Structures are given as structure tokens and as C-alpha cells.
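These notes concern the structure reproduced below.
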Amino acid sequence: MLLRWHSVIPLFLTMTVALPNTYRTVVEDLPAIPEGWVQGNPPSPETSVRMNLAVGQRNTRTFEQIVLDISTPGHRNYGKHLSRRDLKGLLRPRRETSNLILSWLEESGVPKRSIVDDGDWIHFVISISQAERMLQTRFYYFHDVQDPGISMIRTLKYSVPSRLARHVYMIQPTTKFGKPKKHANSVASLQVIYSSTNATENCNATITPRCLRELYKMGDYVAKPDCRNVIGISGYLDQYARYSDFYKFLELYAPEMKGANFSVAHIGNGQNLQNSTRNSIEASLDIEYALGLSNASAVFYTTSGRGPLVPDLDQPEQEHNSNEPYLDQLHYLLSLPQEALPAVLSTSYGENEQSVPERFSHATCNLFAQLGARGVSVIFSSGDSGVGSSCLTNGKKKITRFNPTFPASCPFVTSVGATFKINPERAIGFSSGGFSDRHSRPVYQNDAVQHYLDKLGDQWKGLYNPKGRGIPDVSAQGANFAIYDHGKVITVSGTSASAPAFAAIIANLNAIRLRANKPVLGYLNPFIYGKGREGFTDIVHGGSKGCVGYSSTNGSTPAVPYASWNATEGWDPVTGVGTPNFRILAKIVQHME
């Protein structure tokens with residue numbers, strides 16, 4: 001059903017290469033150097049690199065079903081979240097598989113002390129010369145054509161012994177090109193609308209915490225802080241959460257939350273510089289609304305680096321990589337003991353699904369599922385490109401296509417679209433949605449999505465995958481949020497605003513459950529499409545836009561006249577099942593078993 005790591009095996013994985021005394025299977029083979037890069041000299045043979053090896057899983061179906069069972073209200077296992085030890089035991093490969101890989105690493109010269117066997121993942125440090133022998137490849141520096149100062153060590157092809165081919169799912173960094181770009185266009189980028197020192201309380205013009213409280217029927221509810229109810233905020237791309245701005249925001253817009261605070265967890269040398277002059281709009285928005293509405297304990301997870309990128313027109317490699325380092329953050333979180341995990345994780349970043357290597361996207365989605373198994377509600381903004389921006393596939397055959405987004409397309413995250421206006425709320429044009437080309441439609445979504453497709457008929461046929469996971473799941477206000485950043489009030493828009501607002505509501509629902517001696521909600525989607533459905537207000541006005549024939553980063557692109565996903569009765573691919581009604585949801589979750 002979901003996360004079929006071995007359900008689609010690329011042709012190159014079946015190719016074997018005859019070498020002296022052995023056979024090898026090519027894992028990845030790029031046909032050419034990616035556009036925007038030039039090959040330079042080989043690195044020093046002594047240069048060290050940290051590799052991450054994803055082990056092929058044997059219990060995928062069992063694991064998926066367990067996650068669904070413990071996340072479906074009414075099931076006998078509902079709320080029985082797994083400990084780290086239980087999860088690792090479930091996912092740990094057969095001993096012979098681990099031994100086979102570990103023996104290969106040691107035989108290849110990988111220092112035993114550098115190998116970390118984490119069951120379904122194995123991490124190790126190796127020199128370039130050893131890596132070249134082990135993977136039967138050559139590494140080179142590759143330089144950015146437009147910015148020669150940016151370079152990275154990569155290869156175009158690597159292989160493993162054929163006896164290991166079904167055990168080694170992925171090794172990186174190898175063929176994954178990409179580079180850091182500061183504040184690039186991500187699918188959940190924020191749009192600064194205007195600056196003001198006196199933001200209006202007119203909720204049709206400016207959104208504040210008070211507006212959201214009234215709109216989503218939260219009233220004056222303020223939860224008591226609970227160490228079991230931590231809300232985590234993801235910080236990428238050199239975004240820093242500034243304490244001075246946060247305190248001033250609470251003073252102006254959420255005085256009832258006076259005394260709220262957040263801590264910082266540094267992942268992979270991530271920083272949270274308080275005196276930086278860099279734009280910090282995303283971090284300010286996320287932390288101010290997550291805590292301005294929830295009063296939960298909060299952790300800002302600041303992560304350095306970037307993830308791998310498969311270039312497309314919206315994110316061509318030479319300038320526009322904004323992929324985030326999900327793996328670093330996920331491995332860190334999953335290493336934590338149960339009491340240190342956040343109950344809710346809100347992330348306001350993403351990219352076009354096709355820009356992420358397919359195996360990388362499946363491996364990452366599996367890790368999101370692991371967080372869900374441990375009781376974490378993983379929430380992502382759906383994106384800000386409507387039905388798509390470039391609307392063109394990035395394969396050898398360039399085909400006009402609506403572009404779904406990732407990680408919103410992962411079935412084990414809850415994706416949040418955007419609305420605007422009140423009385424009634426309306427779908428906003430930039431709210432990303434659609435259907436995944438990588439992940440099949442999960443069973444909990446079948447009825448809701450099929451109902452929409454039946455009404456859609458043949459419209460947009462061939463431009464999307466009708467069997468794919470539908471995006472988003474829910475929605476919330478996403479336009480003209482007042483925030484305090486670098487000493488001033490500004491308003492911003494994007495599904496980046498919708499995600500932390502929705503996450504705060506989930507944190508408040510968790511507080512109600514904990515007070516009733518019940519477990520936190522955990523992975524949300526089976527609840528949202530099931531018993532929780534009546535707690536959402538259906539959005540039936542407005543729609544998304546896109547495919548206008550122009551990409552903000554690459555100029556002329558295919559145009560699809562009147563391309564849109566319309567908000568309609570029931571689930572739709574712009575607002576999901578609708579916006580939350582806290583009053584109704586609170587009654588549902590208080591007694592839910």
C-alpha cells in the first residue's frame with residue numbers, strides 16, 4: 001500500500017557489471033553531469049566523507065499496518081505508540097543482512113570504529129580512495145558554473161557487489177547534486193506584503209492570534225505547559241528564531257501567553273544567531289504562532305546543510321536549491337528517548353516532489369512514518385505554487401504536468417493548505433495541492449479522494465496521477481499574518497503560516513487528552529479522515545491557480561489555460577477536508593479511544 005521501497009525498481013538496478021572475480025550491480029548512473037556544474041580535479045585521496053547507507057527493509061508491510069493501527073481511533077491498538085527499542089526491533093534487518101553489509105564495509109577498508117549500525121541505517125566515515133574502491137567509481141570536485149566558489153565532491157555512477165544489491169537501498173552522498181542557496185524560492189516561501197507598526201485587528205485584512213482563536217472556536221483556552229506535550233519547530237536555511245522578537249510579539253498579540261518560551265536544539269552544527277542581520281521571517285512566523293496559540297513547551301530544531309536535489313525548472317541546481325536536510329533532523333529525532341520527543345513537529349518547508357531523488361523521498365517518508373509510530377504528529381505546509389509553477393517534468397521527455405510537492409506528498413505527514421478571508425473562508429490561489437506521482441493513495445483517503453475525482457471527471461486528465469496520495473489533508477488561514485521580526489511588525493503569507501497555526505491547535509488537543517489520562521494524538525491522518533472529520537469546516541469557495549506559462553526562476557514554461565483545483569464540497573486538493581473547529585475537535589478527542 002504505502003512506502004513500497006522495492007515496488008518500483010529502476011532499470012539500472014537490474015544491470016550487472018562483470019568485473020574480475022565478482023559481479024556488481026549499478027545502483028545509480030547519471031547519464032551526464034547535471035546542468036550548471038562542471039567537473040574539476042579529483043579530491044585528495046585522504047579526504048574523508050560521511051556516508052549514509054539505507055538498508056532494504058523486510059517488514060515494510062507489517063510496519064505500515066502497525067502505524068495505521070495505532071493511529072486509527074477504535075482499533076484495539078489505538079494510542080499504543082512504540083518505544084524506540086520496540087521500533088528498532090521491528091525494523092532491524094535480518095542479522096545475516098547486517099553482517100553481510102558490515103563485512104563488506106570492513107573488507108573495503110572502512111574503519112570499524114567509524115561504523116554506526118543503527119539497524120535500518122548504517123552510517124560510516126571513509127576516505128575518498130577507499131570509497132572509490134568500494135563503490136567502483138571515481139569522485140571529483142564539481143564546480144558551479146555561475147559561482148565557481150561553490151563546489152562539492154560527487155560521482156556520476158556507483159555500484160555494489162551483486163550479492164548486496166537487494167540489501168543496499170541507497171548510499172549517499174554520491175550522485176546527489178545540489179548546493180546551499182540562501183533564502184531561495186521554496187514551495188512554502190513567504191511573501192512579505194507590507195510593513196507596519198500598527199497592524200489592524202480587522203481579520204479580513206490582517207491575521208493575528210486573536211483572529212485565529214475566534215475563527216477556529218478556540219476562545220480563551222490556554223493549556224497548562226506539560227513536558228509530555230512539546231511542539232517542535234523545524235528551522236532550516238539559516239533561519240534563526242530571535243528571542244527579542246518573540247517576546248515582543250507575545251506582548252503585542254498574545255499577552256495571555258506571557259511567560260511562554262522555547263529552547264533550541266542544534267543539529268549538525270545548526271545555529272540560532274541572535275544578532276544576525278539575515279532575514280528570519282520564517283523562523284519568527286513559526287515560533288510566534290506555534291506558541292502564541294498553544295502555550296506548549298517548544299523546541300526550535302535548527303539544522304544546517306541542504307538535502308540532495310534533482311533539478312527541475314522551479315529549482316534548477318545552479319542557483320535555486322532549497323531542499324532541506326530532512327535526514328539529519330529525522331535521524332536526530334528518532335535517536336531521542338520517548339520522553340524527549342516532541343508530540344507535534346511543524347515544518348514549513350518543501351520542494352517539488354520530482355526534484356527529490358525517488359529513493360531519497362521513499363526513505364525519508366519511511367522515517368516520518370517512524371516518528372508517527374512513536375506518537376509524533378508530523379505536520380508540513382503543502383506549498384505555495386498552486387497546481388504547479390513550472391508544470392514540466394524533469395525527465396528525458398519533458399511533459400506538461402501538475403507538480404505535486406514533497407514532503408507534503410508523503411502519506412505519513414499531515415499536509416496543510418491555505419485559506420484566506422472570513423465569513424466565508426476561501427481557498428487561496430497559491431495553496432499547493434494535487435496528487436503524488438511517487439506515493440499511492442492511502443486507504444484512509446480512498447473514499448474522500450475518490451468522491452472528488454468522480455466529480456472532476458476527465459478535467460485535467462493526463463496532467464496528474466489519479467491514483468496518487470491526495471494533497472493537502474487540511475487547511476488553515478495563510479494570508480497576511482502579522483509577525484514581529486527584526487524589531488518591526490510585518491505581514492506575511494504562505495502555507496508556511498498555515499502549518500504552525502494548525503500545529504498549535506493539535507498541541508492544544510493533546511493537552512486535553514493528557515489531562516484526561518489519554519495518549520497524545522500521534523499520526524493524525526486516519527483520525528482526520530475518520531472520527532475527526534466532523535471537526536473540520538468544509539471550504540467550498542475559491543481555488544488554486546498555476547501553470548501560467550512562467551516560472552519565477554526559469555522564465556517561459558508550459559501554460560495550461562485556467563489550471564486550477566477548485567474548493568468544493570468534501571475533500572479537495574486545495575483545502576483538504578477543511579479548517580479546524582477546535583470546540584468540536586476537543587469534544588471528540590476528550591473521550592476518543
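We count from 1, first residue shown onward.
Backbone N, Cα and C atoms are what each Cβ position is placed from, and that goes for glycine too.
Counting every protein chain shown, 30 other Cβ atoms lie within 10 Å of the Cβ of E282 (active site, charge relay system). Swiss-Prot lists E282 (among others) with the feature active site, charge relay system.
The active site, charge relay system annotation in Swiss-Prot covers D286 (among others) and is backed by similarity to another entry. Long-range Cβ neighbours of D286 (active site, charge relay system) (same chain, at least 6 residues apart, Cβ-Cβ under 8 Å): I233, S234, G235, A241, S346, S348, S496, A499, P500.
In the three-state DSSP scheme, S496 (active site, charge relay system) falls into the helix class. Here Swiss-Prot flags S496 (among others) as active site, charge relay system, drawing on similarity to another entry.
For D538, I539, G570, D572, the entry in Swiss-Prot reads Ca(2+) binding site. I539 (Ca(2+) binding site) counts 24 other C-beta atoms within 10 Å of its own C-beta, drawing on all protein chains shown.
According to Swiss-Prot, the feature domain 'Peptidase S53' maps to 206-592.
Sequence annotations record features per position, and here Swiss-Prot assigns N-linked glycosylation site to N198 (among others) based on sequence analysis.
Residues or ranges marked as N-linked glycosylation site by Swiss-Prot: N204 (among others). Here the Cβ of N204 (N-linked glycosylation site) has 13 other Cβ atoms within 10 Å, regardless of which shown protein chain they belong to.
DSSP assigns N261 (N-linked glycosylation site) to coil, not to a helix or a strand. Sequence annotations record features per position, and here Swiss-Prot assigns N-linked glycosylation site to N261 (among others) based on sequence analysis.
In the three-state DSSP scheme, N275 (N-linked glycosylation site) is classed as coil. Counted within 10 Å of its Cβ, the other Cβ atoms near N275 (N-linked glycosylation site) come to 7, all protein chains included. The N-linked glycosylation site annotation in Swiss-Prot covers N275 (among others).
Swiss-Prot lists N295 (among others) with the feature N-linked glycosylation site, giving sequence analysis as the kind of evidence. Around the Cβ of N295 (N-linked glycosylation site), the same chain contributes V222, A223, K224, P225, M257, A260, each under 8 angstroms and 6 or more positions distant in sequence. In the three-state DSSP assignment, the secondary structure recorded for N295 (N-linked glycosylation site) is coil.
Sequence annotations record features per position, and here Swiss-Prot assigns N-linked glycosylation site to N554 (among others).
Reduced to three states, the DSSP call for N566 (N-linked glycosylation site) is strand. The N-linked glycosylation site annotation in Swiss-Prot covers N566 (among others), and the record cites sequence analysis as its basis.
Feature annotation from Swiss-Prot assigns signal peptide to 1-18; the stated evidence is sequence analysis.
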Cα-Cα separation of D538 (Ca(2+) binding site) and N204 (N-linked glycosylation site), in Å?
19
Per-residue pLDDT averaged over the domain 'Peptidase S53' (206-592) comes to what?
90
Nearest to N566 (N-linked glycosylation site) in three-dimensional space, by Cα, is which of the recorded positions E282, I539, D572?
D572
D538, I539, G570, D572 excluded, remaining Cβ within 8 Å of their centroid (Ca(2+)):
V540, A567, T568, E569, W571, T575, G576, V577, G578
Using DSSP with the three-state reduction, classify D572 (Ca(2+) binding site) as helix, strand or coil.
strand
